[in-house]
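Taken from TrEMBL, the feature active site applies to Glu281. Taken from TrEMBL, the feature Zn(2+) binding site covers His280, His284, His290. The disulfide bond annotation in TrEMBL covers Cys410-Cys430, Cys590-Cys600, Cys608-Cys617. The domain 'Peptidase M12B' annotation in TrEMBL covers 171-344. The feature domain 'Disintegrin' is assigned by TrEMBL to 352-438. TrEMBL lists 586-618 with the feature domain 'EGF-like'. Taken from TrEMBL, the feature transmembrane segment applies to 637-661.
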Amino acid sequence: MVDALVKLPFCRRDPVSGFLHTSYPVHVSKLVTGSRQTVSSLKADLDIGFIRVLTAAAATVQMKELILRLDELPGTYQLSKTDKDHCFYHGHVRGHPESWVALSTCSGFRGLISVNSNGTYYLQPISGVDPLHHSLLNTEELPIRGGNCGHSHHTAQSNHISNLLRPFHLRVSLTLTLYQQFYRALNIRVPLIGLEVWTDRDQCIVTEEPNATLWSFLQWRRKLKSRKKHDNAQLLTGVIFKGTTIGMAPLEGMCSLENSGGINVDHSELSIGAAATMAHEIGHNFGMSHDHEGCCVEATAEQGGCVMAAATGHPFPRVFSRCSKRDLDSYFQKGGGMCLYNMPNMKDLVGGKKCGNGFVEDGEECDCGEPEECTNDCCNANNCTLKEEAQCAHGVCCEGCKLKQAGTMCRGQAGACDLPEYCTGASPYCPTNVYLLDGSSCQYGAAYCYNGMCLTHEQQCLQLWGYGARPAHDACFEDVNAAGNAFGNCGKDEHGNYIKCEKSDAKCGKIQCHSAAKKPKGTNAVSIDTTIKTDGIEVKCRGTYVYSTQDGQGDLPDPGLVMTGTKCGEGKVCRDRRCQNASFTELETCIARCHGHGVCNSNGNCYCNRGWAPPFCEKPGLGGSVDSGPIQYDSQVGLVVGLLFAFLVVLPGVLLIFYCCRIKTSCFHKWLLQREKNKSNKYHLFV
C-alpha cells in the first residue's frame, strides 16, 4: 500500500488547436426510458475498422453505476450515472478478462478503455463544443505534447485561477486514477491522501533544471513529513525541463525521508501522458531501473511499450516489464519499502468515504470493491458487511473467514535490518511493520541500518558490476571524486554544475569499485577506469557513467553516486552528498532500556531476544516486542523444546522413580529374608 501525496504548482495550459477536431464525433442527448433515467446517450457513426476491433462481439464496460455499451453499427453509446458525489471509476470490459477501464464522469466522460493489447481508446468531451459532445480516440492518435505551461504569480488573476481550480483538480484526479490502474497489475494500491495546488507561489525551486528542481522539492517534502504523514510525494508541474527530461526520481527512494518522491512534467494534452510519467518515476522509487533490450515482451512498440522504458512510447505505455517486476521483488527482498506494509489513515483519503473503493473505512466491516469485481467469499460487496459467521474478510491474519491463531507469523524478516511480526488473534491485519532503529549495526559492523535497509559500498558495487565486485581502495574515492566532473563528483549544485568532493566526503560521491567484468550492468552504462598510485602500488579504480540516449528521459539522478544512508566512517553516514555525523542518541537511550537482552525497533521499543519478555527484556519470556504481536514457536522449534523437556525433565524423573523403586524392592527383599530368618530362629527355640 502506498500513500501518495501530490503537490502541484498551478499551471495554465495553452490550447492546442486541431487535434480534437480529427477525432470521432459523438453526440450526447437526454433520454428517459421507462422508470430508469439515463443521464446521457451517445450515438455515433464510427469508422468501420474501429468498430470491428471493438465489437467482434458486443462488449459492455460495466461498473457499479456506470455502463458504457458498445454495439454493432449504427452503434449506440449509452452511459448512465446515478451517483453525483463519486465520479472516478475502475472497471473492466465484459467478456474480456484482460481488459480494464478507468473513467471520470465529473464533467462529461473522460478516461481510458483498454479492451486488449491491440485495442485501447481514450474517451473525452470535445473542447470548445457543446459539452454533450464527446470524442473517442485510438491511443495511437493521442498527441504526445500539449501546450506549454507557465506559472502565474499575479494576484489580479485570482478570480480567473479560482474558476480554473475545479477542472484542474478533476484533471489531476483522473491522472491519479489512471496511474493507480497501472500499479494494480503489481498488486500495489496507491491511495491519495493529500492534494495541494500552489496558486500563489512555488513552495520550492521549480526551474528548467531538473536536478535542482528535484532536490529542492525533496527538501521541501522533509518539512511536509512532519505535518502530514505520507509515504511518497510527487510534484506535477507545467514547467518544461531542459532537453528531453519529463521527470526525475531517485532510485530505491521509497519510504526514505530524503528521497521518497519525484518530479513530473504535465507534458501531454491528455491525462494519460502525466499518468504514464508518474508511474515511471514512482517505479524508480520502487527500485525499478530502465528496461534494457529484451526486457519488454509484454507490449510492442506500436502498443506503447513498457512503463520503465528509457524513452516515452507512443502511444503511452501501460504495462510493466518482467525486468521491472524482478527489480521490484529484489527491492522488497533486501528490505526496501518498509513503510508500505502499514495501512494509511483512511480518514485522509482524497475523494471521501465510499463502499466499493477497496479500502475498509469507518462504518465498514470489509470492502472488496465493486460487486462486479469482488471475489471475496467473506464480504457482502453491496453494503461492505461481513457475511454470516465470518469473523474477517481481509488481511494476512484472516484465513477462511476466521482469525488466525495468535502467534502465527504474518510477516517474515526481509533483510538484515527487518524484524518479524505475528498475528495477535484479535485482528485480521498483521501488526504495523517495524524494523531495526536507524543506526543499528549490520553487516558485522560494516554498516548501519537505514530505513530498514543495510546499505554498504560493497552492495552497491555488486548492484552496478555484478558478482565478485567490491569497493575500491579509499584513495580511489579521494582521487577520482576530487575532479568535480561527470566521472568523479559529489553531485550537482542548483545550477547543474558538478561539485568537487572534499577528502572527508569522498566516500559519498561516485562509487569506485574493483571488478573483473568488462562493463557495468545496464544498457547505457559505461566503465570509467582510472589508475592511481598509492604507497607505490598501482591501483585500478572502476567507476560508472550512464549516458542518455537522444530520446531518453534522463530521469534518474546519477545511479553511480553512493546511496544516502551508507556508512562512510565510524558514526558517520552519507547525507546530501556529504559524510555527516549521525546522531544515534535515540538508539543509545533505547538500548539502555533493553538490559542487554534485545535490540531497538523503529518505534523506539525493545525487541527482546528469545527467552526474554517485552517491554524491557528483564523478565523471562518468549521474546519480541509490544509492537510485533505475541511470538509462538513454530512446529520445529516446538519439537526441539519438547525433546529437550523430555530429556532434561521427564527422563531424569523416570530414572529417579526407577531408582527409588529398585531401592524399595531391594529393601523389601531384605525385610522378607530377615522375617523368614526370624521365624526360623523362633521355630528352632521351641523345638
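Every residue, even glycine, has its Cβ placed from backbone N, Cα and C.
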(request) Check each residue in the chain of Cys608 (disulfide bond) that is at least six apart in sequence and keep those whose C-beta is under 8 Å from its C-beta; list them in sequence order. (result) Cys594, His597, Gly598, Pro614, Cys617, Gly621, Gly623, Gly624, Ser625
(request) Going by Cα-Cα distance, pick out whichever of the recorded positions His280, His284, His290, Cys590, Cys600 is nearest to Cys410 (disulfide bond). (result) Cys600
(request) Taking Cα atoms as reference points, rank the recorded positions His284, Cys590, Cys600 by distance from Cys430 (disulfide bond) and give the first. (result) Cys600
(message) Roughly how many Å lie between the Cα atoms of His280 (Zn(2+) binding site) and Cys590 (disulfide bond), rounded to a whole value?
(response) 39
(message) Averaging the per-residue pLDDT over the domain 'Peptidase M12B' (171-344), what integer do you get?
(response) 88
(request) Between Glu281 (active site) and His290 (Zn(2+) binding site), find the distance joining the two CA atoms and give it rounded to the nearest Å. (result) 10
(request) Determine how many residues of the domain 'EGF-like' (586-618) DSSP places in helix, in strand and in coil. (result) 8 helix, 10 strand, 15 coil
(request) Determine, to the nearest whole angstrom, how far the Cα atom of Cys600 (disulfide bond) is from the Cα atom of His290 (Zn(2+) binding site). (result) 37
(request) Please report how many Å separate the Cα atom of His284 (Zn(2+) binding site) from that of Cys590 (disulfide bond), as a whole number. (result) 34
(request) Provide, as an integer number of angstrom, the distance between the C-alpha atoms of Cys590 (disulfide bond) and His290 (Zn(2+) binding site). (result) 41
(request) Go ahead and report the DSSP secondary structure tallies for the domain 'Disintegrin' (352-438): helix first, then strand, then coil. (result) 0 helix, 16 strand, 71 coil
